[in-house]
Ligand SMILES: [Mg+2]
């Protein structure tokens, strides 16, 4: 617990829905629900206009449709969410080297470490407002920020500040903020614990404090009870952790809604395994033990690991091992967090063991090419048009699928920079003039500073500058040695090309 509010929690407002509204001018100010696929689909994110009708994250889509039949129901476009996430995370990393991402749109930042690293005299509030302004300028989206002396309170504060706000929890005011909150606000209180506490007459944080530590321990056991009692008093000393363990490389994601579907879990595990390998290779390392981490809906956490015969940095080996480990985990009730890590790092790979896999690759294929940075797009069959998807029509240009059925697909032709809603046209699903498209940037590219050749090439005699900015390779998109959260998509393109590609 710090005596100054130097722990920052930033959370994008209704992230997926906000991206959709920014992408699709006709949906601005309208209820938008981004959600899962199929009959068991749940709401990932609802826009504030939809929340007014009672729609919220993790609700069944079918239920949401009854509450808010006029909302736009869209499939998620993870590719663009990840692109924007990378921009946001890069802005955060500029403020402090001590950054702990929690999900695509959420992270903790240690401003004490930031002040030490950057030498900036700006106070926490100033830093937070600066960040919010930069995010708005570079992404067109709003973020809310909480500042406090602990992670728990910073996170609660950002939630209170929503949307588009900043809340500073001044030291000494922690209890006043926490006391009236429901017990579910505290980390570690899932539905089961909350129900347990409710039966004992405890529904608010103040009532946890009032019950006393002994009673909490009696109700919930020693570690959980004591931990919760301390948290209710605002005591939380957990540090912001950028890299948990230098002897291991790991990545994890917290999901907006609990994962309950095996196929979905498998898909996320593959994605995490690939990101983990990307980071591993970025560090020029390999490892022997693959670890899978799971946090269940009730915050219980477990890890499973498997040690290989030799170190690897092969994405397919890590993926297969992680899959095997996750298959053995009971996912009943849902998972809120998944992680994949590799530990027992070695400096080189035992090439012989995995030589066969390497030989299977196409000659000349770059390593980066086999590491998908985003989930695969939905099936690209022309008879499968998903609401919200990007499309391009030969004659009418870029647009998005507004709906489809009985052999027809309705497309709205508009782009993010439009100020008025675009026109709607309907086509046969097999229309050859209609194809799947790429997401367009939310703000005009010129808003992002173009990489300019600022410094002249070092003269032959200038030996002091031993580490010049590496030239990006002509083809490969990988950026060895850089954190995977770096803005690789936006920063490595060549300047002139980007300048002329403004739509
Ligand atoms: Mg958010």
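Placement of Cβ uses the backbone N, Cα and C atoms for every residue, glycine included.
The active site annotation in TrEMBL covers 106. What TrEMBL lists as compositional bias 'Pro residues' is 450-459. Taken from TrEMBL, the feature domain 'UmuC' applies to 7-190. Positions annotated as site 'Substrate discrimination' by TrEMBL: 16.
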Around the Cβ of residue 106 (active site), other Cβ atoms within 10 Å, all chains included, total 20
Residue 106 (active site) -> DSSP, reduced to three states, gives strand
Expressed in Å to no decimal places, the gap between the Cα atoms of residue 106 (active site) and residue 16 (site 'Substrate discrimination') is 12
Taking all protein chains shown into account, the Cβ-based neighbour count within 10 Å for residue 16 (site 'Substrate discrimination') is 28
